[in-house]
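Beneath this line is the structure, given in structure tokens, with notes to follow.
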Amino acid sequence: MHTEAVGGAARRPQKLRSQAAAPACRAMPSEFTSAKLRSDCSRTSLQWYTRTQHKMRRPSLLIKDICKCTLVAFGVWLLYILILNYTAEECDMKRMHYVDPDRIKRAQSYAQEVLQKECRPRYAKTAMALLFEDRYSINLEPFVQKVPTASEAELKYDPPFGFRKFSSKVQSLLDMLPEHDFPEHLRAKACKRCVVVGNGGILHGLELGHALNQFDVVIRLNSAPVEGYSEHVGNKTTIRMTYPEGAPLSDVEYYANDLFVTVLFKSVDFKWLQAMVKNESLPFWVRLFFWKQVAEKVPLQPKHFRILNPVIIKETAFDILQYSEPQSRFWGHDKNIPTIGVIAVVLATHLCDEVSLAGFGYDLSQPRTPLHYFDSQCMGAMHWQVMHNVTTETKFLLKLLKEGVVEDLSGGIH
């Protein structure tokens, strides 16, 4: 017992001494202890290595995340472009080419009736002011004027509702334009009749061209062609109202005395307009920011260019149609941007004493009828567009018709 105790006591200090004497990372008295010590010894260095690796990986992970987000954004953008350019494969073109003869006679007779009535000075804007009260500015300038300081209303919102952060670019554009008002020969006319010619397929076959040419001011929208369709839509053009992606690509759609009224939606639109006024080529990198091909040239002299007053768009959207004001969004639209057609209708009430419409109206219950008078795109494509509230706009136009503010020559608004 004593020997064992002494032996045990003698061996225990020896074991402790050997552990104490040995360097911490070298003591290997047993397999278990060895493994444990190696684990303890390596933990600190492993933690340091892991932290270092994480630091080294952060930039590469960040780059990967950016690449992923870019690819996702590009994919969504591509899908958006495909939707915008969606065209139904089967469109009932027979409906476009056949029009009831009685309907043709009624449309032509009604157009002549409107033209033969005595013109009523200031009728349209007075009626708009009575209908919408303070939501319609009766004395609003239709085009942006060259003044020392832009109005507060012009600078309140971003394009297309205003020119906030773009005032210097607007002034630079105005410096290039020798004229900013409605042409003198039109302003001097005691009473002017406007017709806003929409792009609707309902125009095809009505043979309203002769009647439309008799209006004092004919407003056409975007790239809607005249060549080859003059029997139905006329060939007189006083104003071509559009934005870069909507401008005609063919020179034959521009006439020497046209007014080219531009709606500016985004930053690159200013660059495009500047290039068109100066008859310069648009840099390739700028073209990448448009969602479709834009015109390389607008064959008109600088005196024929105008910039639409953005307050007209603002009043049309937020005051008359009562859309919500723009909110900051990562992607998409709030459907608070009026169509060029409805904006043109409001513009016409500021320019002319009486206003008529032709080629307006979306019959969404007939998805396979032609959407435009000049192509095979179908009405069903309107279900895919994401920027405009067609239902609200139709109610607005119906209200104008009911109150007698405008006339519908083609009978498409219902």
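Every residue, even glycine, has its Cβ placed from backbone N, Cα and C.
Pulled from Swiss-Prot:
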| type | residues | note |
| --- | --- | --- |
| DISULFID | C194-C352 | disulfide bond |
| CARBOHYD | N235 | N-linked glycosylation site |
| CARBOHYD | N279 | N-linked glycosylation site |
| CARBOHYD | N389 | N-linked glycosylation site |
| TOPO_DOM | 1-65 | topological domain 'Cytoplasmic' |
| TOPO_DOM | 87-414 | topological domain 'Lumenal' |
| TRANSMEM | 66-86 | transmembrane segment |
For C194 (disulfide bond): intrachain residues, at least 6 apart, with Cβ closer than 8 Å: A124, F215, D216, V217, V218, I219, A348, L351, C352, E354, V355, S356
Reduced DSSP assignment, N279 (N-linked glycosylation site): coil
N235, C352, N389 as recorded positions, winner by CB count within 10 A: C352
Residue pair N279 (N-linked glycosylation site), N389 (N-linked glycosylation site) - Cα distance, angstrom, rounded: 36
N279 (N-linked glycosylation site) CB neighbourhood, other CB atoms within 10 A: 12
